[in-house]
Amino acid sequence: MVLDADLAGSSDCCTRALEGSGSAVQELLKWNGWGYNDSKFIFNKKGQAEFTGKRYRLGGMVLPTFKEWIEKTFGASLEHKTTSRTSLNVNDVPPSVVNEEFLQDLRATKISYSQDAEDRVFRAHGHCLHEIFVLREGMFKRIPDIVVWPVCHEDVVKIVELACKHNLCIIPFGGGTSVSSALECPEEEKRTIVSLDTSQMNRILWIDEKNLTACVEAGIVGQDLEKQLAESGFCTGHEPDSMEFSSLGGWVATRASGMKKNIYGNIEDLVIHIKMVTPRGIVEKNCQVPRMSTGPDIHHFIMGSEGTLGVVTEVTIKIRPVPEYQKYGSVVFPNFERGVACLREVAKQRCAPASIRLVDNAQFQFGHALKPQVASIFTSFLDGLKKFYITKFKGFDPNILCVATLLFEGDREKVLQHEKQVYDIATKFGGLAAGEDNGQRGYMLTFVIAYLRDLGLDYYVIGESFETSVPWDRVLDLCRNVKERIVRECKEKGVQFAPLSTCRVTQTYDAGACVYFYFAFNYRGISDPIHVYEQIERAAREEILANGGSLSHHHGVGKLRKRWMKESISDVGLGMLRSVKEYVDPNNIFGNKNLL
């Protein structure tokens with residue numbers, strides 16, 4: 001049975017009115033930081049950390065130990081506070097330069113557009129550290145000249161045709177969560193730059209209950225997609241950390257991965273069909289079947305193309321019934337080595353739960369510092385008993401132990417059987433069950449940790465995350481060597497305070513795992529902290545590659561990592577990508593300069 005999820009079919013989608021020119025969501029979000037305006041970490045009048053707003057479970061809660069942790073970890077002090085611009089100064093914004101003939105043609109299409117400074121700046125960046133730092137301290141040298149809001153596939157076709165006619169540059173914009181400099185405008189680009197914002201292409205066009213597929217416009221963000229599917233009893237199960245803000249088209253363009261990929265798969269496992277508009281025309285297959293043997297899969301030219309070939313407009317994706325039962329869990333291991341060995345065995349037996357993530361000790365301490373004030377003496381007493389049992393009775397060293405968080409989904413009886421199997425394996429590696437609350441809390445923190453960088457920047461602490469995938473036999477060496485390299489590089493580059501260098505294993509496979517690193521340091525006394533940071537991150541990436549890790553697992557390449565593309569895929573492989581680009585987009589209409 002095919003269900004229309006919207007009264008308007010795809011054939012007349014362009015009759016829809018634009019919802020606030022895309023500014024409704026924009027007004028909810030920070031212009032120079034992560035996430036919602038009403039959600040952030042602050043230090044209150046008592047000097048205690050708390051999280052504002054009501055969007056997250058942590059909202060309104062006091063975090064009594066966080067101040068001590070940040071002071072001890074970074075040498076930071078509430079007395080040393082930086083100041084950033086509280087609002088955008090439109091006089092600092094480069095003027096919009098748009099071909100008048102193009103504007104006349106664009107007006108004739110009735111597609112909404114804007115040359116407003118705020119609209120253009122909002123879409124001039126992603127969320128790399130240096131991009132946010134620029135917004136706090138100054139302004140980009142080059143930003144889009146105009147923002148356009150197509151409401152359907154046919155609108156995108158018209159925009160691309162006009163761009164080709166007038167020789168403009170298009171940079172697709174989805175949720176704006178890129179952490180690879182993918183959205184930055186090339187400074188040397190002299191043509192009019194069009195930011196093509198897909199946010200108004202946000203509908204589920206149809207749901208096919210028999211084949212368990214749904215056709216969805218590419219601009220929909222993850223949380224809206226899951227919410228709308230749930231109304232019909234379905235889900236995709238694709239939950240990247242950025243799912244509140246990142247878009248379906250963005251997932252396709254960057255070959256995204258989600259926290260629950262063990263059950264639902266990565267984006268390449270979920271996609272059945274893609275429609276993309278290119279300067280050469282529309283790319284799509286002639287049927288929507290589960291598999292084809294018709295030469296190299298054209299979907300794989302699109303997935304990971306990062307806006308260099310065209311605009312993804314519609315995606316047909318696998319869906320599943322909303323799981324009947326969901327259960328969190330956690331396991332404490334005496335050390336990181338035991339934890340990795342357990343995850344390896346779970347992967348080997350192919351019994352991984354929807355999500356299994358192992359944090360090292362530094363990240364465990366970090367998570368513990370974010371624990372909210374306990375609600376009662378009884379809760380505090382229980383926490384004390386758990387800590388006493390683990391550290392005294394079992395002999396776990398609190399400065400070495402690590403924790404894995406678990407999430408099980410599915411049929412209730414099967415979940416309980418699955419849970420027992422995983423905990424039995426964990427026991428063989430010295431693991432102790434640490435309760436559902438810790439697992440659920442770990443999952444919840446995933447969505448608020450990104451807000452911490454803004455707080456850190458207020459107190460001279462800069463930080464970032466990056467990821468890789470690595471074979472199982474290299475996981476421990478890579479984790480150790482990269483963390484040590486970060487510490488060594490910080491010292492050599494004149495960082496006066498010891499950095500935070502930490503990691504977690506976030507996704508597991510038969511042949512290896514994804515490892516996610518965090519690092520941060522106090523930059524007081526450094527005149528150009530972003531330059532120093534970039535040198536350290538570059539060294540860390542070199543160390544990853546030297547230890548057998550990949551250039552990226554799910555963040556993509558963008559402009560930030562493309563210097564290593566030849567090393568990653570070979571000279572011939574890079575030539576193949578260039579050949580596709582030259583055929584599909586000979587005039588470089590999609591000229592964001594990512595990948596190549």
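The chain as shown is numbered from 1 upward.
The backbone N, Cα and C atoms fix where each Cβ goes, glycine too.
Spatially close to G175 (FAD binding site) yet at least six residues away along the chain are V221, S242, F245, S246, S247, G250, judged by Cβ distances under 8 angstroms. If you look up TrEMBL, you'll see 172-178, 254-257, 306-312 marked as FAD binding site.
Here TrEMBL flags R453 as substrate binding site.
Each residue in the domain 'FAD-binding PCMH-type' (140-322) has a pLDDT score, and their mean in this model is 97. Annotation comment: TrEMBL describes 140-322 as domain 'FAD-binding PCMH-type'.
If you look up TrEMBL, you'll see R357 marked as site 'Important for enzyme activity'.
Taking the Cα atom of each, G307 (FAD binding site) and R357 (site 'Important for enzyme activity') are about 31 angstrom apart. Within 10 Å of the C-beta atom of P172 (FAD binding site) sit 27 other C-beta atoms, taking all shown protein chains into account. Between the C-alpha atoms of S178 (FAD binding site) and R453 (substrate binding site), the distance comes to 15 Å. Calculated from their C-alpha atoms, the gap between A256 (FAD binding site) and R357 (site 'Important for enzyme activity') amounts to 17 Å.
Sequence-distant contacts of G310 (FAD binding site), defined as residues of its own chain at least six apart whose C-beta falls under 8 angstroms from its C-beta, comprise V160, M276, V277, T278, P279, V283, I302, V584, D585, F590. A straight line from the CA of P172 (FAD binding site) to the CA of R453 (substrate binding site) spans 26 Å.
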